[in-house]
Structures are given as C-alpha cells and as structure tokens.
Amino acid sequence: MGSDTSESNNDWKTQLNIPKKDTRPQTDDVLNTKGRSFEDFYLKRELLMGIFEAGFEKPSPIQEEAIPVAIAGKDILARAKNGTGKTAAFVIPTLEKVKPKLNKIQALIMVPTRELALQTSQVVRTLGKHCGISCMVTTGGTNLRDDIMRLNEPVHILVGTPGRVLDLASRRVTDLSECHLFIMDEADKMLSRDFKVLAEQILGFLPERRQLLLFSATFPVTVKEFMVKHLKNPHEINLMDELTLKGISQFYAFVEEKQKLHCLNTLFSKLQINQAIIFCNSTNRVELLAKKITELGFSCYYSHARMKQSERNKVFHEFRQGKVRTLVCSDLLTRGIDIQAVNVVINFDFPKTAETYLHRIGRSGRFGHLGLAINLINWNDRFNLYKIEQELNTEIAPIPSQIDKSLYVAEDSSAVPIPFPLESLPITANAPQQPANAEPLPPQQTQVQFHAPPQQQQQQQQQQQQQQYQQFPNQQQQQYGQPLMPQNYQQQAYPPQPFPSKGFPQQQYTQAPQ
C-alpha cells in the first residue's frame, strides 16, 4: 500500500517537460553540498514542478543553506560567490511563502540595475509558472503610467530598482501594507552611497513585522551598519572560503595601448569562444571599441548606461539568445547578469578596484562551470594588477602562447542551458506575460550559428584588419558616425582570418612588467 502511494506521488515527475541535462563539469563552488534535494525542503508541488522544468537538479550550497532558513521566517545576511545560485536561493522561498489567493504585493525584490531586474523577474516567472503567482517588474527609464496601470491588476511579487519603487510608493500607487518579505540582491551595491537612503525610505512603507533577506558577494561596512539597525537576530551565511570562482582561469597580457586591438583580434582567432563579454572603463570607449570590432568583421553588440532603456533591453535579450558572440559594455552588466553561454571575459580596460574585477570576471564560469578571464594591461595598470592580486588572494598569470581549451571549453557545446524560455523575455518592462496554464514553450537551441562569407569577402576583411588595427585608439573625440544597434549588424564569419604570420607578440606582453 505504501509503495503504491509513493509511486502515485511521483507520477507528476513523469509529466514534466525537463530540459536536456547539463553535462558540463562543475567545481566545488556548487558541488560542495550536504546532499539534500529540493524535496527535502517540503516545497509545494507546483513550485517543485517549476524548479525541475527550469533544469535544476540539486540545490547549490547557498540554496541549501538559505532556503530552509528563509522559509522559517528568519532574517538572512548571505554572502556567496557570483554565479553560485543566489537568485534561486531567495526566489524559491519567496514563491513558497507567497499566497496566490491574497491579491496584494507580498514580496519586494530590489536590485541595482534594470537588466538585473528583468532577469530576476523572469526567474520568478519561470520557477513559479505553476504557482498562479503574478510578478511585476518596475524600473526607471520606462513609462510610469504603464506601471501605475499594471498595479491595478493583482501583483504578488514586485521586482524593481530603488528609484522607481520609491516613486510608486511615495505616490501611494503601490500598496505595501501586506509586503512582509523584503529582499536585496547585490546588497553591497544597494546599500552604497547611491542607494542607501532610498532603501531606508522604502522600508518606511513596509509593515513593522517583516523579513529581510540580504544577498551579495561582498559586504562592506555600510552593510554591517544596515544589518545592526534593521535586521533582527539575522542568520549569517558565509560561503566565501575564497573570493574568486574556482572554475575561472585568469591571465594577463602586457600590451601597449596602441596594440590592444591587434591583441584582441589575435585572441579572437586563437580562442574557442562560445560567447564573450568585453569590459571598458568608459561609455565612450565602449562605443569606439564596438565600432572597431565590427569593422574587423566580428558581429558585436554594445551596452552602457547612456543608452535608451529600450535599446539596452534589446541588446541584452538578443545577446542572451545568441544572436552574436561578443558584447562590449561598461560596468553596467557586472552585477548579477547570468548568461550561461559566456565562457570568456576580457578586460580591455583593466578595472581600478578589486570589487569591480571580481564582479566582471564572475560573468563567466557561471554555476560552477569553467570560464576564462583575460586582462589587457599596460604600464599604468601594473600597480592595480598587483593590488587586486593581493586583495583577492589570487594569482593572475601571464598569458601563455596557447591556452588549454579544457580550462574553459565545454566538450559538448549543446549542453549549455538557457535558464528560461527566451520567447517570453519582455522587451519592455511589463509586456503581457504568458498565462500560468499556457503550454510550455519549446526548448531553445543554444548553439550560435555563424555562416562564413565568400572567400573574396574574407580577403577584403583581412586587408581591412591590417589597415585598421593600428588606428585604435585615436583621439576619442573623432567622429565615427551613428552607433550601430542590433538591427544594423550583420552576422560575420567567426573567427576571421588571423593576421598573416603574426601570432602573439610574446616579447611585448607575456612577461611581467619590471
């Protein structure tokens, strides 16, 4: 009798639309667990269905530690590495605690950037698609009137950036009287000088009886002050035995500024890149570099804070879909952005602080997988390189002439998962959402297809490369015409032909600066 009941209880699992298993090797960052399963947390079946259909198999260490404590109602201060499953660690208990029949905002998730708000809201919708829970995302740069109209409909979970959330609360448009769960992702940024006052003002609109969950990879003094003031006997989780992810191999190339573009082109021709993110230190250099990369024959998008929100959304979503291999951006996308297909991060401009460096390289090697971080440094960066190595207690090695592919390349590229159906990604913040009872969307192919151009076009590209690579960077005030947006880019061959008889200029940048 008992076995029959057990079999009937597991029948629902056979009906799930589970995606292809991710067969890539993983590191102890996500494998060093106590052996629990998601069923051990006694989650409701509808939530378990969403978890398994999203491709989750076992909880990561941060999920294992945080989920039962959050469900129990305790405040949490959690510190874990980038890319180890922090988002699901607070989304899962949130979905478990929210009551679908109560048409009030019951949970508020605050994040520092608009892209992270869109991503987090989609994770909520994906994991909770069988729960009958409504999630709304609200960020600056979108139409306020649309948000006000959306709030006339039932909303259970609100995801947003601090400025817009405070604006809606101050106008008394958002009813937070039943919002007993307040979550801050990237809490160190949320409690920085830019956002701390806003966060404390928002707390004033929440009920006295509330639960606070703070998640981040780094916790400066400002977070400690906030914790003492607002958290009640919090449960502290610290899974940071070391700061950098174990699966990321870090190298530096010592190269003169005028040779950086040549070096970048050589890297493109030598590395096996699935997708790459290239970071620059200013918006001007982001646009300039994206223009130059496109002229070299690579398909390339760029994103920075001065772009319109609709353009940023389009770039972000199309890059996630694999429309291009390369994204050039400022530090706008260093926080929390989870793109599983990214296996290479290149710091075209070396960051000034260890915190920025940590968040940048964390865009590769997501969820315990392998990744590669390459830093192009010049003579002026040598002190920052040493300082960051000391602060993070890590080694950034000189780049070898050949990088072992096993350090960053998955044996089966088709195993790279997409965290949620890409067709459901909204271009605007509050596009109409798919009904909870709708048929599941078909799984996406994650391989990026590129078609080689004719041989004559390849030769022309190669000639252009030889003429152009030495021209970067010229005067930054030089006009390069209108910036190219995604609809204007053409898919190009990948990789283009390398420079004839030119490999890495080893004598220039593989030796440490004296």
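Just so it is clear, glycine is given a Cβ too, placed from its N, Cα and C backbone atoms.
Taken straight from Swiss-Prot:
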{"type": "REGION", "residues": "1-31", "note": "region 'Disordered'"}
{"type": "COMPBIAS", "residues": "1-17", "note": "compositional bias 'Polar residues'"}
{"type": "MOTIF", "residues": "36-64", "note": "motif 'Q motif'"}
{"type": "DOMAIN", "residues": "67-237", "note": "domain 'Helicase ATP-binding'"}
{"type": "BINDING", "residues": "ALA80, LYS81, ASN82, GLY83, THR84, GLY85, LYS86, THR87", "note": "ATP binding site"}
{"type": "MOTIF", "residues": "185-188", "note": "motif 'DEAD box'"}
{"type": "DOMAIN", "residues": "247-407", "note": "domain 'Helicase C-terminal'"}
{"type": "REGION", "residues": "427-514", "note": "region 'Disordered'"}
{"type": "COMPBIAS", "residues": "429-494", "note": "compositional bias 'Low complexity'"}
{"type": "COMPBIAS", "residues": "504-514", "note": "compositional bias 'Polar residues'"}
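Sequence features, as recorded in Swiss-Prot, placed on the structure.
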{"residue": "ALA80", "record": "ATP binding site", "Cβ neighbours (10 Å)": "23"}
{"residue": "THR84", "record": "ATP binding site", "Cβ neighbours (10 Å)": "23"}
{"residue": "GLY85", "record": "ATP binding site", "Cβ neighbours (10 Å)": "23"}
{"residue": "LYS86", "record": "ATP binding site", "Cβ neighbours (10 Å)": "25"}
{"residue": "THR87", "record": "ATP binding site", "Cβ neighbours (10 Å)": "23"}
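Across the domain 'Helicase ATP-binding' (67-237), the model assigns an average pLDDT of 89. Classification of THR84 (ATP binding site) by DSSP places it in coil, neither helical nor stranded. Secondary structure counts, DSSP: the motif 'DEAD box' (185-188) has 2 helix, 1 strand, 1 coil.
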